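*Asks:* Got a structure for you, questions after.
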Amino acid sequence: MSSQIDHLLSETRRFAPSADFADAAVGAADLYERAAADREGFWADQARELHWHTPFTQGLDWSNPPFATWFADGELNVAYNCLDRHVEAGHGDRIALLWEGENGDERRVSYAELTDEVKRVANVLQGLGVGAGDRVAIYLPMIPEAVAAMLAVARIGAIHSVVFGGFSADSLRARIDDAGAKLVITADGGYRKGKVSALKPAVDMALADRNGSGVQETVEHVLVVRRGGNDVEWQDGRDLWWHETVPDASPDHEAEGFPAENPLFILYTSGTTGKPKGILHTSGGYLTQAAFTNRVVHDIHPETDVYWCTADIGWITGHTYVTYGPLANGATQVLYEGTPDTPHPGRWWEVIEKYGVTVFYTAPTAIRSFMKIGREVPQKFDLSSLRLLGSVGEPINPEAWMWYRTIIGDETAPIVDTWWQTETGAIMISALPGVTETKPGSAQVPLPGITVDVVDDAGEPVGHGNGGLLVITEPWPSMLRGIWGDPERYKETYWDKFADKGYYFAGDGARLDDDGDVWLLGRVDDVMNVSGHRLSTAEIESALVGNEAVAEAAVVGASDETTGQAVVAFVIIKQSFLKAHPAEGLASTLRGWVGEQIGPIARPRDIYIVGELPKTRSGKIMRRLLRDVAEGREVGDTTTLADTMVMSTISAQVK
Ligand code: 6R9
């Protein structure tokens with residue numbers, strides 16, 4: 001491996017937690033020791049924090065790799081753990097959800113109220129013939145009913161497949177068909193960017209007459225929440241209003257225990273190519289790690305914290321750190337329906353001030369877009385309640401990390417950069433706040449009970465200082481149990497590469513620094529090879545964003561006759577910079593800058609200054625499309641972009 005990725009690793013800043021934070025923190029250094037001494041016993045202890053209808057006697061069963069089971073002879077009810085248990089412990093009046101609609105609507109839902117609602121919905125579902133093992137598609141905006149729907153499905157032992165509300169009718173149809181869903185729960189519409197965005201028509205289209213399509217219709221009913229108030233078409237016999245059925249249902253519903261390995265949900269990952277993969281998660285192990293990681297990484301003190309994870313429930317982050325983790329811990333959390341900049345660019349900061357948010361978990365792409373707007377916006381709000389900040393979804397470059405710390409965290413709140421995936425179910429690599437000295441840009445250390453390594457193509461550890469592939473060396477409780485309906489693809493995608501070692505292949509490049517901290521270098525398909533040197537897109541992006549002129553950057557490797565691949569960068573310039581400086585010559589200045597920061601080999605061949613970058617709805621930059629532009633090809637499939645117009649604008653700017 002080349003030594004061209006040193007730039008990121010020259011980071012020398014360290015931030016130790018304050019003594020006050022460390023004293024009060026839920027996590028403690030001895031967790032690492034306990035887990036190292038007896039990893040499976042450690043996870044069993046965490047699992048026993050949950051309520052088990054039938055206690056388990058088994059831990060991990062890895063006798064049939066790569067198919068793991070955890071706590072398999074135990075029985076639990078996931079919804080009971082997230083709801084009834086807190087009410088029975090006397091916390092029924094505690095607020096579970098502080099809901100803020102984009103249009104300013106508000107609802108405060110206590111644990112007792114949410115439990116009552118979920119019991120009614122569970123009765124409605126069973127009345128519609130939905131039972132254990134059946135699949136239910138959920139296509140809803142960020143409203144309390146979304147959380148209630150997930151928990152009601154879990155309560156009856158059925159399997160949910162949440163489909164992000166921004167996905168098209170076609171994507172919804174593909175997911176409904178792959179899972180064979182019996183019921184769809186949706187809404188008329190929800191608020192997005194200041195207006196009602198309809199959802200029900202997409203469901204109608206997805207379920208439109210399929211005569212002759214060869215697909216057997218599995219959906220029997222559509223349960224519709226009224227949120228947007230927009231007109232909807234109605235199919236009698238199939239469609240039911242939530243507000244006409246749920247309130248009339250009985251609030252008595254006994255939570256039955258289900259086996260720990262009962263499937264809990266399928267979540268489709270956007271997948272770079274081919275049809276989306278239905279990632280399958282089960283109950284006991286998943287909830288164990290969801291609750292544990294939320295407790296120790298987000299340092300949840302349920303009596304006092306107001307937690308806010310900005311992810312949509314359509315993504316894994318919304319599953320684990322909006323619905324399951326925080327509710328299993330009895331936390332109070334904000335649920336926000338809309339976009340960060342509606343009706344004004346300070347909306348998120350306003351929400352933090354209004355509810356006194358203490359723990360805030362968001363994505364680097366959001367942080368960088370706030371950087372682009374400027375610090376004046378957050379500085380108009382009182383953010384002094386914030387005591388812990390989290391990041392997830394992609395590498396956070398040191399500049400964004402420092403901005404987050406300084407402008408949002410007032411230079412005191414620890415930042416946890418959390419690495420994990422839809423497939424891992426819960427956080428795997430992160431600092432423990434109050435324990436770990438944090439480093440801008442590094443996700444740092446595997447959590448207690450998690451074992452990772454960085455290896456070469458043969459599975460041999462590359463040691464400190466070298467780049468390689470991130471692997472997880474031992475099974476973990478919240479690991480995916482498979483790809484829905486495709487066990488072969490599960491094996492091939494994640495396990496075949498290091499079959500002899502039994503390692504899980506994460507698909508990410510990584511490097512360990514001299515302290516043994518993990519630096520994520522982006523997907524391995526984003527690692528470029530220029531003249532035989534390995535270069536990471538993340539590293540060059542980080543260098544670019546480190547220049548005072550640059551707000552955002554995306555780097556791709558484009559094929560090049562002489563060097564194999566060449567570095568091509570797309571950058572957005574800060575508006576504030578353009579006000580004070582001419583735009584001429586910027587591209588060549590930036591080329592030189594990258595050369596200075598990393599070395600001449602990393603100097604982009606081309607730098608294009610653009611107004612926007614193509615992003616998926618979950619905020620990931622779609623480098624594949626930028627590569628098409630950089631290589632002068634017709635731009636490929638743009639349907640998973642949040643804004644499908646972006647690519648035509650970029651293509652025009654590049655020409
Ligand atoms: C939780 C989530 C997973 C991929 C993963 C990696 C990237 C996530 C990261 C990170 C660097 C972090 N990723 N967190 N890269 N630092 N803290 O995002 O799941 O949507 O499945 O994406 O995201 O490349 O492999 P998912």
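Cβ coordinates are placed from backbone N, Cα and C, and glycine is handled just like the others.
Unlike curated records, TrEMBL annotations are generated automatically.
OK, TrEMBL features for this one:
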DOMAIN    29-82  domain 'Acetyl-coenzyme A synthetase N-terminal'
DOMAIN    89-484  domain 'AMP-dependent synthetase/ligase'
BINDING   Arg192, Lys193, Gly194, Lys195, Thr317, Ser531  CoA binding site
BINDING   Gly393, Glu394, Pro395, Asp417, Thr418, Trp419, Trp420, Gln421, Thr422, Asp508, Arg523, Arg534  ATP binding site
DOMAIN    539-620  domain 'AMP-binding enzyme C-terminal'
BINDING   Val545, Val550  Mg(2+) binding site
MOD_RES   Lys620  N6-acetyllysine
*Asks:* Which of these binding-site residues is closest to Thr422 (ATP binding site) if you go by CA atoms: Lys195, Thr317, Val545, Val550?
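*Replies:* When the Cα distances are compared, Thr317 comes out closest.
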*Asks:* Across the domain 'AMP-binding enzyme C-terminal' (539-620), what are the DSSP residue counts per state (helix, strand, coil)?
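*Replies:* For the domain 'AMP-binding enzyme C-terminal' (539-620), the helix, strand and coil counts are 29 helix, 27 strand, 26 coil.
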*Asks:* State the Cα to Cα distance, in Å, between Thr317 (CoA binding site) and Gly393 (ATP binding site), rounded to an integer.
*Replies:* 9
*Asks:* Out of Val545, Val550, give me whichever of these binding-site residues has the highest number of other Cβ atoms within 10 Å.
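*Replies:* Its Cβ has the most other Cβ atoms within 10 Å: Val550.
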*Asks:* Per DSSP, what is the residue count of the domain 'Acetyl-coenzyme A synthetase N-terminal' (29-82) in each of helix, strand and coil?
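*Replies:* Counting residues per DSSP class in the domain 'Acetyl-coenzyme A synthetase N-terminal' (29-82), I get 22 helix, 12 strand, 20 coil.
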*Asks:* How does the model score the domain 'Acetyl-coenzyme A synthetase N-terminal' (29-82) in terms of mean pLDDT?
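*Replies:* 98, rounded to a whole number.
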*Asks:* In whole Å, how far is the residue listed as 'N6-acetyllysine' from Pro395 (ATP binding site) when you measure between their Cα atoms?
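*Replies:* Rounded to a whole number, the Cα-Cα distance is 11 Å.
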*Asks:* Which binding-site residues out of Thr422, Arg523, Val545 lie by ligand 1, going by a Cβ under 6 Å?
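*Replies:* Thr422, Arg523, in sequence order.
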*Asks:* Determine the most Cβ-crowded residue among the binding-site residues Gly194, Pro395, using a 10 Å radius around each Cβ and all protein chains in the structure.
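*Replies:* Result for the most crowded candidate: Pro395.
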*Asks:* Just the number: how many Å between the Cα atoms of Thr418 (ATP binding site) and Val550 (Mg(2+) binding site)?
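*Replies:* Between the Cα atoms of Thr418 (ATP binding site) and Val550 (Mg(2+) binding site), the distance comes to 25 Å.
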*Asks:* What is the separation, in Å, between the Cα atoms of Lys193 (CoA binding site) and Arg523 (ATP binding site)?
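*Replies:* Roughly 31 Å, rounded to the nearest whole number.
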*Asks:* Of Gly393, Trp420, Val545, Val550, Lys620, which is closest to Lys195 (CoA binding site) if I measure between C-alpha atoms? They're all recorded positions.
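*Replies:* Nearest candidate: Lys620.
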*Asks:* Sort out the sequence-distant neighbours of Lys620 (N6-acetyllysine) for me: same chain, 6+ apart, CB within less than 8 Å of its CB, listed by position.
*Replies:* Thr365, Gly393, Glu394
